[in-house]
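One structure is given below, encoded as structure tokens.
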Amino acid sequence: MWKPILLGVFVHCILLYAALDIFYSSPVIHGMSPQGASSSPPARRLVFIVADGLRADTLFSKKRCLQRNSLFLRRMSLRGSWGYSQCRVPTESRPGHVALLSGIYEDVNAVTRGWRENPVEFDSVLNQSRYTWAWGSPDIVSIFVKGKYASHIFVDAYASEMQQFYQDSSQLDEWVFDKVEQFLNDSHYNSTLRSMVMEEKVVFFLHLLGTDVAGHSYKPHSEEYEKSILLVDRGIEKLYELFEKFFNDEQTAYVFTSDHGMTDWGSHGSGTLDEISTPLIAWGAGIRTTTAPKNAPPCWNDIDEQHCRINQVDVAPLLASLIGINFPMNSVGILPLDLLNVSQKAESLLMWNNFKQILDQFLLLRKRKVEAYFEMFFREFNDFSFAKMEVFVKTVEQLLVQKRYSYVVRLCQKWIPTLLRGVDYYHRYEQRFLCFCIVCCFITWIACAISFVFANDGIVKNDFTFMHSSAYVYWIFCFFASIFYLNSFAFSYYLYALLPFYLYNVATTGKTNIKLLLKLSKVNISFMVEIILTVIFVEMLLASFFFRTSLVVCNAILIFWSVRINLRDWKTKLFWIVLCMITSIFLNLPVVGQSPFYFMVIGFSGFITLFFSLLKLCNWTNNCRYIHPLCIVFHLALTVNLSRATTELEEPLPSACRLCSWILLISSAFMPLISNTRVIVRLLTVWSSILLPLSLMSVSYEPIFFSFYAIQLWVWIWIEMKLDRHGRMFCLQDLNFKAECQFSQSIACMSDIRKSAIFIFFLLLGFFGTGNIASINSFDPKFVMLFVSEFSPFLMGALLMLKILLPLLFACCTLRVLELFTCSKLSTIYWYAVVICDLLALVWKCVSCA
């Protein structure tokens, strides 16, 4: 049995890595020459300010009360230009700053690198500047420093301990403003520092984290968030006056924006409009004045009609153009000329250099594919072939000589999007071939998994060895390996392409018992109905990843199944139908976190505490020695939750509450050990041990949902036990985990497929009952406020994953009961579950590759 499991782990590790390798590979390439922005820049220096987590609609709101919080920025927007930039998922701080300063959409896997302060591996505006001074959070300003190679970048960051939730976030921004003011004062008296500051191509980068912390802690529509915006506005006004007074040459450009927005409930990471829309205000040297009527304040609703809309990566070429430095070499941003106040000749040269910078990426990627593949295998990007490129370059050079600058601008603006499609085409050149290989891997592995099921029942004799292979498989290996080697394929491509042949060999090894197979393949109307319902059921499971309400259809199918099964216990049927309806209600509620309601958690915790207390006092169970410690821990949990709800948000939770939470979390893992081995007692204790940490990390209806979820699982096991015992009576109290299975386990049949499909349904219901895919990427820090007081992403992420996995753990515990007290083999249910999950992944992969 261990051989198939090891093979399955190996195959799924390759498939998981393939998904990241194919769809989330880094777009960074090396070996290009930098392209200069301009020989005569409109500004000598740049002040670049990023307010982390600032929403565009909040800054540009029509409400008078909100307009008073940003009077200076609104005034500057009338003297310059304003609009909004649109960022991409994931809307996190590191990808946002990489897009702003490097002009590149970093691969999704790099989000965690920002948490470890790893330096970025590609070019940026800060690298290309003559000198850069940066102030702000250590998680952001430090990632652009490449050690000894960044001798011209000077970083000053506050300690990470200052990033405390539910404390005054204004101290973070005040620290930055004070440091910049101190720096300018020092420059008056330090001649060396003053000479450096007075150079051209200098960047001052200010990262303001206060708005993000205030949004997480108090939500974007809170008074604290508005105060944070007011502080930012007043601080920028003061620094503007200091910069203008210090340099006094009107050669300073100012750009203000945000790395990402925020949802109404204070999270970010997904792709809602509030998260991807960020404000953009630019003024000073080289910035074109807005065309809006004089004294007309910026308004969120007017952006579509009058003002600029750019992508976040377009900010990087804008910054480079303002101070005349090279464009970041991996930038895919398009220079927004509407924001620049330069001559027509300068516009044409800037757009031409922007085009050449992207063209370098295109040519380098194309060159690598031409050198790697045989000519018969190479496929040109037809929209911008090499011949078209040569004609285009000659045309633009002639237009520049003829001083027809407007034509140059129009041509570059027309063809840069096509060129970007070409860059993406060569970057994903092998994607379709690799997707085909992965689909073949899935199909052959599913065949292997089915053969393992049949092998358990004697239908197929499949005793394979890892190194055994047929002669023709060996020659196929050698043939394709030679082609891949001559085409300079990466080693991972060998695995993706050759693995299906190996899996096919494993699946077809052995002899088939024809009599048993024919016995299983009898077709009748009932069988066809079950097949059709199972297919619809599995399709709805897949749809739940996009629409969580699709699981309501699965509940409806389960209700239909319970009605048509041969079970005379109508009370159990009615109870099952009611539970299916109740869990369907939760699927239609908003995901948790959008509207925190702690008193719902407290009320339910109090009810559970009362329940266990009554069990103890009234001695309603014969073996209640485990009830007393359960009463104690739930009383403690109730106290901690009350402290969380009643503590003033301006103050952190008492350390005693946090210590108590950790003690409860750790002790809950040992609670099942204090119970006996009776099924009903053990499951009740497991439910309690999961409910305890879940309630400590809940902000709304999660504990209530989990309780109904657990009851529905119990009733499902009860129905399956009655079906397999053909209605025979048995006592629930007598079921014991130590008892051996007294029922002969049957060969694989349709009921095992049904059980596996329902088990997967419960796994997905445990996740989608309270959240969705986006809730993994963007979550409320309030989930973990009882355990963490400062920004600690790895610990916070671990606690979030624990909260997600807890209901799934309970479902796995009930599966053990199903195996002990029904006629099904656990290995059979396991392999069918693997097959169904891989079928879901296969369909998803086919849709992604289409």
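Using N, Cα and C of the backbone, Cβ positions are placed for all residues, glycine too.
According to TrEMBL, the transmembrane segment annotation covers 6-24, 433-454, 474-504, 525-543, 549-567, 574-591, 597-615, 653-674, 703-719, 756-774, 794-817, 829-847. The domain 'GPI ethanolamine phosphate transferase 1 C-terminal' annotation in TrEMBL covers 422-843.
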Contact between the transmembrane segment (574-591) and the transmembrane segment (6-24) (3 or more Cβ pairs under 8 Å, separation 6+): no
Same-chain residues near the transmembrane segment (474-504), Cβ under 8 Å, at least 6 residues beyond its ends: 11, 14, 17-18, 21, 371-374, 377, 430, 434, 437-438, 440-441, 443-445, 447-448
Confidence summary for the domain 'GPI ethanolamine phosphate transferase 1 C-terminal' (422-843), mean pLDDT rounded: 77
Stretch in 6-24, 433-454, 653-674, 794-817 most in contact with the transmembrane segment (829-847), if contact is a CB pair under 8 A: 433-454
Positions whose Cβ lies under 8 angstroms from the transmembrane segment (6-24), at least six residues beyond its ends: 107-109, 431, 434-435, 438, 441-442, 445, 448-449, 466, 492, 495-496, 499, 503, 506, 834, 841, 845, 848
